[in-house]
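Features of the protein shown, as given by TrEMBL:
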{"type": "REGION", "residues": "1-189", "note": "region 'Phosphopantothenoylcysteine decarboxylase'"}
{"type": "DOMAIN", "residues": "1-175", "note": "domain 'Flavoprotein'"}
{"type": "ACT_SITE", "residues": "156", "note": "active site, proton donor"}
{"type": "DOMAIN", "residues": "185-390", "note": "domain 'DNA/pantothenate metabolism flavoprotein C-terminal'"}
{"type": "REGION", "residues": "190-402", "note": "region 'Phosphopantothenate--cysteine ligase'"}
{"type": "BINDING", "residues": "277, 287, 303, 304, 305, 306, 322, 336, 340", "note": "CTP binding site"}
Ligand SMILES: Cc1cc2nc3c(=O)[nH]c(=O)nc-3n(C[C@H](O)[C@H](O)[C@H](O)COP(=O)(O)O)c2cc1C
């Protein structure tokens, strides 16, 4: 994405360097515009070195806004696929809300047709002032996104709200706000399961598997970015993604209960979790001591989450399943599709240890029409976006009766 990062005059301006670097490392092109006050907190050299792109100053005699000052603001406004103002002062928020264009950043903000995102940072008194809140409400009414500041000890020594949101959360919000939305997924409610389940034997031992939950988390992000309202039921220890309602679970039984509680109110389910097929028959409340002779553990079947939910599917509701197979993967996927009444199964060929924790991966969708073109090999984040795009197109075709 081509991003204009506007940096205004607050102490938190130093954090925008981290944000610029993070976005550039993610492969985005980032051009910074400093306001005059912003340039008192951070230098253009820092920003242009981190991004490898020019950094623009407030006025034609500053930064790189020299070549053709009369049209540069229009060119920048057109170049931008998203404009983010981080940190945003009360001053720039007030100017943009009222259509003022007194320097390069405020002019670009007025001229651009790209999505705009604000990450305000200011003293609590300023943040809570009705004038600032009214200005933000006006910006929201233009379709702009606001990443709300958090609470904490502020640079002025006061404690309260007004602290710039975390840089990682702002980066996620930028991606979310800048990604084109899918027609068939916008506003749809999608339930996603991810991660391993853990079936406890006693307070210290557990039966689990090698899934990390990374793929389901990337799918949650990709559905979120496509415009869906995502609920994630997550096993394992990976951090939950931003902007997704996450419920943590441990066992297959807990995962089923969390899904059943949500199933009636969602449009579709993505079953990406690696659910244990068996659990120990009995749970010992105290740690089991080692015995002398051979030991056996009796296992019983856990509930089949996809099959259970599929059994109560409403017309129009859809289910995507995942399968990890080490042999004859397409045939197994086709059997799973039929047996569990799924709309598609995305199958991983895990021969040679691929898939679990691997960097790049390939998924082959299998539908009632048979195996489709494989998606990948791609890193998990790109793969998740490609899967969502593929499914979005299929839903569109289905809804238009094709
Ligand atoms: C040390 C210092 C810190 C400041 N921090 C903030 C801040 O965090 N948020 C804010 O809205 N204004 C802050 N200000 C005030 C702005 O710098 C001032 O309103 C300026 O005119 C903003 O201009 P700009 O929006 O064009 O960058 C600070 C001022 C100083 C001197």
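Even glycines carry a Cβ here, placed using N, Cα and C.
Note: the Cα of residue 277 (CTP binding site) and the Cα of residue 156 (active site, proton donor) are spaced 55 Å from each other.
Of the residues the record lists as binding CTP, namely 277, 287, 303, 304, 305, 306, 322, 336, 340, the two whose Cα atoms sit farthest apart are 37 Å from each other.
Counting only same-chain residues six or more apart in sequence, the Cβ atoms lying under 8 angstroms from the Cβ of residue 322 (CTP binding site) belong to 215, 270, 271, 272, 345, 346, 347, 348, 363. Comparing residue 340 (CTP binding site) with residue 156 (active site, proton donor), their Cα atoms are 59 Å apart once rounded. Cα separation, residue 305 (CTP binding site) to the residue listed as 'active site, proton donor', rounded: 52 Å. If you draw a 10 Å sphere around the CB of residue 340 (CTP binding site), it holds 19 other CB atoms from the protein chains shown. DSSP assigns residue 303 (CTP binding site) to coil in the three-state reduction, outside any helix or strand. The highest number of surrounding Cβ atoms within 10 Å, among the recorded positions 156, 277, 303, 305, is found at 305. Cα of residue 156 (active site, proton donor) to Cα of residue 303 (CTP binding site): a distance of 55 Å. Residue 340 (CTP binding site) carries a helical DSSP state (H, G or I).
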